[in-house]
Amino acid sequence: MTHTIDDTRRSGSLRGATLPKWFPWAVAGASAALGYGISAAAGLHSDIQWALIAALLFVGGSFAVSAKVEGRRQARDRTATSLVWVAFLLAVIPLASLTWETVKRGIEVLDGYFLTHSMGVVADSEPGGGIYHALLGTLEQVGLATAISVPVGVLTAIYLVEYGRGRLAKAVTFFVDVMTGIPSIVAGLFVLSLWILILGMGYSGFAGSMALSILMIPVVVRSTEEMLKLVPNELREASLALGVPKWRTILKVVLPTSVGGITTGVMLAIARITGETAPVLLLVWGTNFINANPFQDPQASLPMYIYLQYTNGSEAAYDRAWAAALTLIAFIMILNLVARGIARWKAPKTGR
Amino acid sequence: MDITTQKPAAPPAPGPAAPPPDTRAARGVTRPGDRIFLGLSRGSGILVLVLMAAIAAFLTYRASLAISKDEANFFTTFEWNPSGLPPEFGIAVLAFGTVVSSVVAMVIAVPVAVAIALFITHYAPRRLGGPIGYVIDLLAAVPSIVYGLWGALVLVPHLDGLYGWLDDYLGWTGILEWNDGAPRSLFTVGILLAVMILPIITNVSREVFRQVPRMHEEAALALGATRWEVIRMSVLPFGRSGVISASMLGLGRALGETMAVAMVLSPSFTISASLLDPGGGTFAQNIAGKFNEATEMGRDALIASGLVLFVITLLVNGAARLIIARRKEYSGANA
């Protein structure tokens with residue numbers, strides 16, 4: 001959209017001088033060579049060092065040349081461009097490494113056996129075993145949490161957008177925002193103090209899903225709120241003008257228009273809580289055996305399984321941890337992709 | 001059973017029969033369907049408030065049980081021994097570690113994230129911008145436990161070089177001095193937290209930058225502004241409140257991050273002047289690490305520290321809200 005600026009090189013006397021398009025690449029090459037040469041001459045070993053010297057040379061060099069030829073404003077523009085590129089490349093490294101390591105090391109033990117067996121008869125330090133019990137626990141806990149949070153969250157958002165006036169709405173908006181920031185471990189501690197320490201209930205999957213729904217509700221509220229706000233007021237007014245009651249307007253006009261966005265928001269919220277470990281660690285407790293009943297006795301869960309295998313510390317356990325991490329990521333990614341597919345499929349024709 | 005009435009998140013409990021007649025009368029028609037629907041949605045809103053109140057109340061109650069038995073000062077003690085005789089525990093080390101690791105994370109992550117958001121919206125070739133945004137979206141969904149696993153098994157072994165370099169050139173500052181030992185320090189935690197919150201901050205900032213009215217940018221371009229000047233004059237002012245709220249979102253996650261910290265840090269109840277020395281701890285990490293072996297008293301003590309974390313995140317969020325409210329004129333969804 002904005003690269004037209006340096007396209008026209010020879011365009012009359014109204015434009016200042018511009019540097020050719022290959023200029024940044026030339027400076028980049030020169031400063032990389034120079035940086036490498038300097039560090040080789042000074043006997044520096046670290047990759048970070050010569051990269052840093054080269055980067056400084058690049059930014060300084062292109063600024064100086066450009067300031068001379070094109071003027072200060074263009075020079076500053078070039079500096080900003082190169083800083084943005086550097087930041088981007090810098091951020092790619094860890095994120096790419098994370099993805100690569102997880103896939104590479106996770107694929108080693110991940111197979112059908114791993115997905116369909118529990119850790120019931122396997123010693124932690126030996127190879128073998130699987131994540132069936134953890135998968136089951138995660139699905140049940142997340143399912144329960146979703147069943148609790150989606151109605152509450154969507155209705156709260158409807159209240160805020162369609163009805164919300166006055167002090168109550170302001171308070172709800174404020175506390176939903178505050179709730180978004182609640183650390184997962186605090187949600188876990190709350191359920192622990194109420195459900196387990198005060199009411200004397202045992203550790204169970206349901207206790208975990210209560211904590212998870214505390215984390216999920218604000219996310220659902222916020223995303224639904226955003227989506228409802230995107231619905232054009234003209235649609236509501238048209239419906240109301242036809243004499244349709246407000247609640248039917250909401251159900252038949254507002255919600256269908258935004259259902260794609262709401263579904264996306266809900267699925268992203270599910271993806272978020274699926275990976276939560278801390279509350280599960282405090283409330284579900286964990287087990288190596290299959291427990292299909294989320295309302296009684298400790299269960300396992302995928303993120304907690306990763307943690308337990310990691311703390312176990314043997315090579316076989318690390319392998320299992322990576323494989324479970326890959327499974328978890330795959331699950332979350334599939335959720336994300338499906339969510340986006342729905343969003344695209346259901347998107348209103350005029351929407352963004 | 002009164003247990004069912006106590007559980008914090010009952011399904012869409014419609015609140016008590018919905019009789020609120022305040023502004024409805026002024027607006028005319030009230031149909032029964034309207035009334036039920038309003039009741040349901042208002043009930044959910046109220047449930048959120050009740051939930052927050054309950055969180056504060058129950059945490060405070062259990063925490064007060066523990067603190068009343070604490071023989072040492074809860075805020076200044078460098079020790080965590082709640083089941084000892086006498087019980088002594090304090091949060092000084094935890095508060096220090098939490099603040100330091102989050103500050104490191106924010107210092108690294110916010111500028112980089114804003115730059116990436118700008119890259120996606122304004123710098124990248126358009127064919128690249130979309131997919132990159134998509135990938136970052138996906139990365140925001142990677143759970144913290146996976147970041148923790150990667151941090152502990154991949155990042156930590158790779159940090160020796162960086163630590164040595166920092167020690168060589170910046171060791172004289174005192175805070176970046178490295179006296180050997182595995183790089184499982186608060187600084188490493190900060191780096192890992194930065195990596196974790198980067199996608200979130202980027203995502204939100206990108207959305208905000210994308211909403212900058214085309215007219216603002218084109219007006220600036222028409223006046224002869226360079227790309228950077230367009231960004232500085234129209235994109236950044238418009239997106240400021242969004243970036244702040246994105247950063248606060250990231251800060252919230254960094255403050256309360258549990259598993260990644262617990263897996264990377266080698267904790268101890270000491271405060272070291274240098275960020276690179278292993279040791280220290282954070283609220284959340286301490287809770288996860290000590291929970292399994294804790295007695296009932298120990299659990300209450302951990303709940304007390306969780307309450308402090310809760311209050312801190314509450315303050316951070318409140319501050320963010322205030323900043324955003326003051327800049328409301330910029331953050332127009334309807335602009």
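Cβ atoms here come from the backbone N, Cα and C positions, even for glycine.
Feature annotations, courtesy of TrEMBL:
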- A:22-42: transmembrane segment (TRANSMEM)
- A:48-67: transmembrane segment (TRANSMEM)
- A:79-100: transmembrane segment (TRANSMEM)
- A:135-339: domain 'ABC transmembrane type-1' (DOMAIN)
- A:142-161: transmembrane segment (TRANSMEM)
- A:173-197: transmembrane segment (TRANSMEM)
- A:203-221: transmembrane segment (TRANSMEM)
- A:253-273: transmembrane segment (TRANSMEM)
- A:321-343: transmembrane segment (TRANSMEM)
For the transmembrane segment (A:22-42), distant same-chain residues with Cβ under 8 A (at least six beyond the ends): 49-58, 61-62, 65-66, 78, 81-82
Give the nonlocal contacts of the transmembrane segment (A:253-273) in its own chain as ranges (CB under 8 Å, at least six residues past its ends). 142, 145-146, 149-150, 153-154, 158, 162, 212, 215-216, 219-220, 222-224, 226-228, 230-231, 235-236, 239, 244, 332, 335-336, 338-340, 342-348
Applying the under-8 angstroms CB criterion, which one of A:48-67, A:142-161, A:173-197, A:203-221, A:321-343 scores highest with the transmembrane segment (A:79-100)? A:48-67
Can you name the far-off residues of the same chain, 6+ from the ends of the transmembrane segment (A:142-161), with a Cβ under 8 Å from a Cβ of it? 169, 172-173, 176, 205-206, 209-210, 212-213, 216-222, 224-225, 228-229, 250, 254, 262, 266, 269-270, 273-274, 294
Tertiary contacts of the transmembrane segment (A:203-221), defined by C-beta under 8 angstroms and 6+ residue spacing from its ends, are 137, 140-146, 148-150, 152-154, 156-157, 160, 176-177, 179-180, 182, 184, 187-188, 190-192, 195-196, 265-266, 268-270, 272-273, 276, 279-280, 282-285, 291, 293-299, 301
